Amino acid sequence: MASMTILPGILKGSVIVPPSKSISHRALICAALAEGTSNIGNFMISDDMMATMNGLRALGAGIEAEEQGAEGIHLLRITGIGANLFQEGGEKNHLEEDRLIDCQESGSTLRFLLPLAGLKNSWVTFTGRGRLVSRPLDVYFRLFDEHGVSFEKQGNSSLPLKVNGLLQPGEYRVEGDISSQFISGLMFLLPLLASDSRIVITSKLESKGYLDLTMDMLSRFSIKIENNHDKEFIIKGNQRYQKQDTDIEGDYSQVAFWLAAGLLGGEIDCLNMNSQSLQGDREIVNILQGMGGRITAGQKSIRARASLTKGTVIDGSQCPDIIPVLAALAAVSEGETRIINAERLRIKESDRLKAISTELNKLGAKVEETADGLDILGCKNLHGGPVSSWNDHRIAMALAVAACRCTEPVLIEGSDAVSKSYPHFWEDYRKLGGRIDG
Ligand SMILES: O=C(O)C1=C[C@@H](OP(=O)(O)O)[C@@H](O)[C@H](O)C1
Ligand SMILES: C=C(OP(=O)(O)O)C(=O)O
C-alpha cells in the first residue's frame, strides 16, 4: 500500500478533467454488444475500466487501445459480439466454454456484466476483491431464481459466483433504493431477449441520473426503452445494438474534487466538461453555488475561485459519489452542514459515512455520523496528521482536498486507491501546485 504526505498549501491553475467513468462503462458495453466496429475516443484506462474491458473480452468482444494524447487517454476500437452471441457454434461464440470475469473492485463491472452471462447456457464465473465480495447482489439472486438462471456461491460472500443462463424475458421487479446498477444491468440485457420485458421499480428510485445515462447510451446504439415516469421501463425484445462512434465527456464526480479545492484558496479552471451533461453529479455546481462558492460554469469548462463557503443541507440520494468531497469542504465551511438520505454510501468501496467522518475527525474536524448521513460543524482550519483512504479512491481524493486547509502535513495511507477511477490524480494535484512527498 502506497502513502503520500501532502504539505500545507493551496491549489491553483487548470486541469483537464478525466472522462466520465460511468459513461465509459456504458459505451464499452454497448459497443461490445453491437455488430461491427465502434470507436470510443477520450477513454481513460483506470482499474475499473480495465475490469470491464477484460470482462467484455471474456464474453467475446475484441478491444484494441491506441494512445490518443496525454495522461492515459486512449482511442478504443471495439469489435462487437453482435449476432455471434446468438448463433450456436458461431465462429466468435466464446460463451460455449467456461469463462472467468475478474471484476476487481468495480461494482459497475459486476452488476452490468452479470446479466449478460444469462445470454447463454454455459457457466461464467465472476470474481473480485476488497469490498466488492460483500457489496449487495441479492436483488440479482432473487431475479435469477425467478427468471431461470442458476448460480452457485460459497457462504455469505457473493464472490466468486458461478452463473449459468438463460435469462427469461418477462416482468422484473426491482427495488429502486439499493443500487441503480441492477436496473442498468438489466437494461443492457433485456432488449436482446426473444420477447418483451418490463422493469418495475418497487421503491423510491435513487441515483436516477445513472439510469438516464444508461438509456442515453443505449439510444445512441439504437436500443429503445420506454420510460413510464421512472416507475416502469418497457423494453421490447429482439432489438439489436448498432455500432457507434463516440467521445467520452468529462466526469462530474471527479471535477467535484477540483472545484472544492479551488474554493479552498486558489483558482482552478476545470476543462473538458459538457454543460449539457446528463450526469447526476452535475448537481455539484448547484450545491457549491448554494454554499456560497464562486463557481462559473461555461459550455466546456468550470472555474472555482477562493470563497468563504457556508454550511447547508445536502440530499445525497441522487448524487452519492460527490458526498465525501462535500463533507471535506463542509468541515472547513462556516456553520453547520447536514448530509441526509445518503445511506447507500455505506455499501460502496468503503462505508463512506464512517470512513470520511473518522478520517476528517483525525484531522481535527467536527463530523458526526448519523444513520443516513453526516452532521458537520465547520472549523476555520484543520490541523493535519496521518489518515487512511480505507482503500477507497473517493476517500483518498476527498482527504487530499481537505489537506488544502490543514496547517500541518497530511499523510494519506493507501493513496494508490485513486487508480480505481483516476490513476493520474496525484500528478494533476502536483501540476496544480500541490506539494507532495512520496
Ligand atoms: O451506474 C453507475 O455508473 C454508478 C451508479 C452509482 O451507484 P448506485 O446506483 O449504487 O448508487 C454510483 O455510486 C457509482 O459510482 C456509479
Ligand atoms: C461506487 C463507485 O463505483 P462502483 O460502484 O462501480 O464500484 C464509485 O466510483 O464511487
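Cβ coordinates are placed from backbone N, Cα and C, and glycine is handled just like the others.
Just so you know, TrEMBL annotations are computer predictions that nobody has curated.
Of the residues LYS12, LYS21, TrEMBL puts just one in the phosphoenolpyruvate site with GLY107, ARG135, GLN181, ARG352, ARG394, LYS420: LYS21.
Listed binding-site residues: ARG26, ARG135, SER207, ARG352. Those with a CB atom under 6 Å from ligand 1: SER207.
Classification of ARG394 (phosphoenolpyruvate binding site) by DSSP places it within a helix. Proximity of the binding-site residues (ARG26, GLY107, LYS348) to ligand 2: a Cβ under 6 Å from the molecule is found for GLY107, LYS348. Long-range C-beta contacts of LYS21 (3-phosphoshikimate binding site), restricted to its own chain and to partners at least six residues apart, with a cutoff below 8 Å, comprise SER46, ASP48, MET49, SER108, ASP251, SER253, GLN254, SER421.
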